[in-house]
Amino acid sequence: MEIAVVEALEKFYGKSDREIRLFYSPGRVNLIGEHTDYNGGYVFPCALDFGTYAAIRKRDDKKVFMASLNFDLKVEVDLDSIFYDKEHDWANYPKGVLKILQEEGYEFSGFEIVFGGNIPVGAGLSSSASIEMVTAVAVNEVFNLNIDRINLVKLCQRAENTFVGVNCGIMDQFAVGMGKKGHAILLKSDTLEYSYVPLNLEGYKILITNTNKKRGLLDSKYNERRSECEKALTYLKKALPVKNLSEVTVERFEEYKDLIPDEVLRKRARHVITENKRVLDAVKALNDNDIVKFGKLMIESHNSLRNDFEVTGKELDTLVEEALKLKGVVGSRMTGAGFGGCTVSIVKEDAVEEFIEVVTRNYTQKIGYAPTVYVTGVGEGAGEVEYLRR
């Protein structure tokens, strides 16, 4: 894929003696800690070993040419006039990054950029954050903007929030921008305090299973859940001096939950508060080398997302149910925003083939179409890639 984007840039925009540089940004999966990030809580993502490549070449004018090996659409943008255009589809993500960089006072000329990746779009594995981050890192490096990585992460989140209009938390951009091979990231969403936790998965594999249900984050119930959490917090604030739901302990919630008059809002808050504790318990389990305990917490997380947060649906539930029937599966849960997308499972290496065969067969029988299973590793965060021409 990396050489393909370099060759495509020359094919689409011609050869020249100007240097073509190559950058990469991974996808991510959140192992546990779902719908906690916009509630100020803990999340536990890791970068994956697949992602988005971008080949970039400077120009002298203010024109930016964008193309992708994954989509037919090619886009031309004038740096003096960047605005959201629904017709530009995927290109609005990198365009948003350029707009935010300009708003922050950074100057750069035009360029040609060609993207290509192997992250399934709409699966909840952060294809959007990956394309944002690879754009930000590429422009930062090529034009010597000297922006530190955490600020690049924040810029990319702002691009998705304000330019594209998706009210996402910061986890996706943080995971793809700050990922570290062989480690997951324990991230506190409101303060951005973080630490790397070694993922000692000897004898186990991470399997990501895509429901292949069509969905879009923009038109899902994501923003509705966010607003429900904010309403629940308003009630709890009457008795508790807290800034967000994640500051409420499970014990305090049990004591004060009746302040929330609406049962639905109470369930939403209960998920966030218990999920936050599950993340910390999961990190402890990993540090204790207790992969079985980690798996149990993943299952509890899924049950809470199904029963209290109500964001799973029959496709995700079927994948988890079928996975948990197999002996070699220690844990499985939905990951991402929900309503489709993917599950993440921890599976013994010698059970991977059985998982793929049995889960695919049973899901297809129950749902009517097949899922896609990815066996993945934990990869590096975004950065420049050396390449050799063919």
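Along the chain as shown, residues are numbered 1 onward.
The backbone N, Cα and C atoms fix where each Cβ goes, glycine too.
According to Swiss-Prot, the features are:
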ACT_SITE  D172  active site, proton acceptor
BINDING   E34, H35, T36, D37, Y222  substrate binding site
BINDING   S68, G122, A123, G124, L125, S126, S127, S128  ATP binding site
BINDING   S128, E160  Mg(2+) binding site
SITE      R28  site 'Transition state stabilizer'
If I take the alpha carbons of R28 (site 'Transition state stabilizer') and S126 (ATP binding site), what is the distance between them in whole Å? 6
Substrate site shell beyond E34, H35, T36, D37, Y222, criterion: Cβ within 8 Å of Cβ centroid: G33, Y38, N39, V43, G169, M171, R225, V272, A337
So if I measure Cβ to Cβ from E34 (substrate binding site) and keep only same-chain residues at least 6 apart in sequence, which ones fall under 8 Å? E275, S301, L305, F309, R333, M334, T335, G336, G338
So, in DSSP terms, is D172 (active site, proton acceptor) helix, strand, or coil? helix
Among R28, H35, which are recorded positions, the residue with the most C-beta atoms within 10 angstroms of its C-beta: R28
Let me know the DSSP-derived helix, strand or coil state of L125 (ATP binding site), please. coil
Using C-alpha atoms only, work out the spacing between S127 (ATP binding site) and D37 (substrate binding site) and round it to an integer in Å. 18
Are there any residues at least 6 positions away along the chain from L125 (ATP binding site) with a Cβ closer than 8 Å to its Cβ? List them or say none. G27, R28, V29, L48, I119, I208, G336, G341, C342
Which number gives the other C-beta atoms within 10 angstroms of the C-beta of E160 (Mg(2+) binding site), all protein chains shown included? 24
